[in-house]
């Protein structure tokens, strides 16, 4: 990926639209230079934002709305557009990404808060078409084109301000995530994950096998008298948290002979059980026979007692049978008697009815004749009244119609009179409105002329507000710098204090070391002195005389050599800490001075600008300026608000004037229409007056009430005639019906009386015959019927029948029990039952013992078979599990002392190649002093996975130390070398990632002249290829070494750029 053109608008410090064409430089190495805060890094942010939708910094995250520029109005849409090239299949493809951040837009109409606008994103493909998709999908497409995530892009393509040490100091786990995508090593992670899954499954399988065996052992049924070793093994397996497979195998060996013993015990028990079963059956049979005989004797005794009781009731039952039969006979006679009485009563009623109808029939004939005559007279009167009403109704309806028409004309005339008055009023109003509007138009023209200069005043006020806004922005920046000065002052003071403490600590340690060193040397001399003797040469000076040898101080004990060396190492470490803290204190002090200088220059410039408009003290402070800005802002805002009102008024007046001709014509047309309406209504009223006169002459009734009253009287007369006719018809119908009913009843009685007389005589004859047949007269059957019900008789006969049935049944049962006993004596049940219980108890005891033994044998045998089957596959599974676990632990870094996994091991291969390329640059930049190295393979897996940790080798000291011990300048050169080496390796290993870009933001200020010159030399040699390298810095010396420069300047309207090509 190589940027071709970058366009910014209303983004960060860039207000107006700014284009940066990266094809202008004549070399691929160029310098982005400018004052601090001018907007150099914003170019960097814009490029990253276009690709990933975020600013470049990982430590200073900004929301999208924070990227909207404050140097231009919110009516300008912020955006970043990047055109870049990407090599695909050896051919260069051009892409353009246009991204609008989430921002606030000024309302186009009206007042109120600004409108929040969402992010927009568009991607133009090499063929000129747009990539269709949501923002997330377009972001994914961009990442796929570039081949890197934002974090990876920052590590490989950019060394950002304050973040160039991040890749160097990342631990191995985070480096592994970055290298995984760069070198496509994810397959090794998947291999380890698959091995982990398989190993866990195998371990679970082995665990389940042991658990199944343990469950089988727990289910063994062992009696207390079983083999002690077998019982001990079972208990140990049951209680063990981790079961030994050896214990299970030993238990299985002892379980087989135990099952054989159980088999022999079961066979012996089966013989005893068979004999006990035969004895139980014999005793049960004897007891059942005795029990049946005893039941027969008891039944016979019970039957004999019941039979005696029934024989004693025989006479009473005979009397009850006779009375029940007499009651039934009496009720049969009573039924015939009742039929005879019913026939006699019906005959008497029918004879009386015949006599009554014969007497009433002549009177009913006369009444029917009279009713017929009255009906005919009433019909004649109704027809006459109906004819009179019809004639009158036609006359009245015609009169009412004329009266209604006359009334409607009168109502219409009143309405028209009101309309005529309203039309007169409307005409007058229209004429007044026309005159008033003409006066209003004259006033509008006058006011418009008065407001002619409002636009010029508003534009002048806006310029003043924009200038004030720039000064307020400067004031805000100065306020922030003032706060930063306080923080920087505290930081510098604190850094100085920490340095002094470290210096004092080092001095104390140094003095202690020198003291201990002197003691050590003195002690060495003292030990030598103890070996000197007169006449023997000294091994140091050769003298044979020793006048004053050194003597050891018994109160002071010197340190050992190793302890003295440790003390020297501590002094060196404290010296390094002192040096680092001194550098930090110096940086803090420089930062404070730079911030104070920026604040002083900014305050002087702001005061000079304001002095042209307001009066300030000779040496104004920031607090002196604040009230003037607020007061001036309030005044200008009030003035602008008033001018906006006047401008709105001016616009409204212009609209009124432009529309006045049309409205004047409308008012004139309204007057004309009102005059026409008035004349039309007046003519209509005159026509209605003529129609009223004609209708009044044709009227035969004075009013509608009089006509309706005459019609109502005729209607009443017709109703009375109709009601009389209806009543006469009803009376005639009733008279005819009464006469017809009397004739029908008389004929019916005459026909039924002879038949009913015959039926009555037959019923009497049947009654007399049944009395003779049953030999029972009225004096006998009537008392029985009065005293007993027919149910009483039936109940008596049923009781007698039940008595006879019970007696016969008892006699039959008595004969059966006598035959069953067959002359045998009564049995002794207690003795038989006792013998049966004893035999059954013995059988039951042997049955339970046999069943327990057989169940124990069956269960234990099945358990032994299951254990044998489970253990048969154990050997192969254990071997497979061990191999799989060893392979997983080795490749995943789970082995103590070797914590580096296979993916890290593979990535070390790639990182070794990266370091080879990086060290070529690092050696040249550092004049051969340093070399980047990977941590040794022996130390890479100690404690944790450190396989990708970087170390630095010093050719001066010949030692390897941690990368974090490098100074700021050394760290910058190391990071730059590593980034260049990483870029080379990516380009060499994959064609999917073509990163022809690198931006370096600051860091050169930490280099001395020689190191800076060497670094620039490396970058120049690197830029001879297709790689585009941009250095963002304000270091003055770089301007003399780099010909192509992008100069960034900033004023009150924001940042601006300009190419300077030497």
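Using N, Cα and C of the backbone, Cβ positions are placed for all residues, glycine too.
Pulled from TrEMBL:
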- 5-210: domain 'Rad50/SbcC-type AAA' (DOMAIN)
- 259-286: coiled coil (COILED)
- 361-440: coiled coil (COILED)
- 478-512: coiled coil (COILED)
- 557-584: coiled coil (COILED)
- 629-766: coiled coil (COILED)
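Put simply, of 259-286, 361-440, 557-584, the stretch with the most CB pairs closer than 8 A to the coiled coil (629-766) is 361-440. The highest tally of CB pairs under 8 A with the coiled coil (478-512), across 259-286, 361-440, 557-584, is held by 557-584. With a cut-off of 8 Å between Cβ atoms, the residues of this chain six or more beyond the coiled coil (259-286) that come close are 832, 835-836, 838-840, 842-843, 846-847, 849-850, 853-854, 856-857, 860-861, 864.
On the 0 to 100 pLDDT scale, the coiled coil (629-766) averages 81 in the predicted structure.
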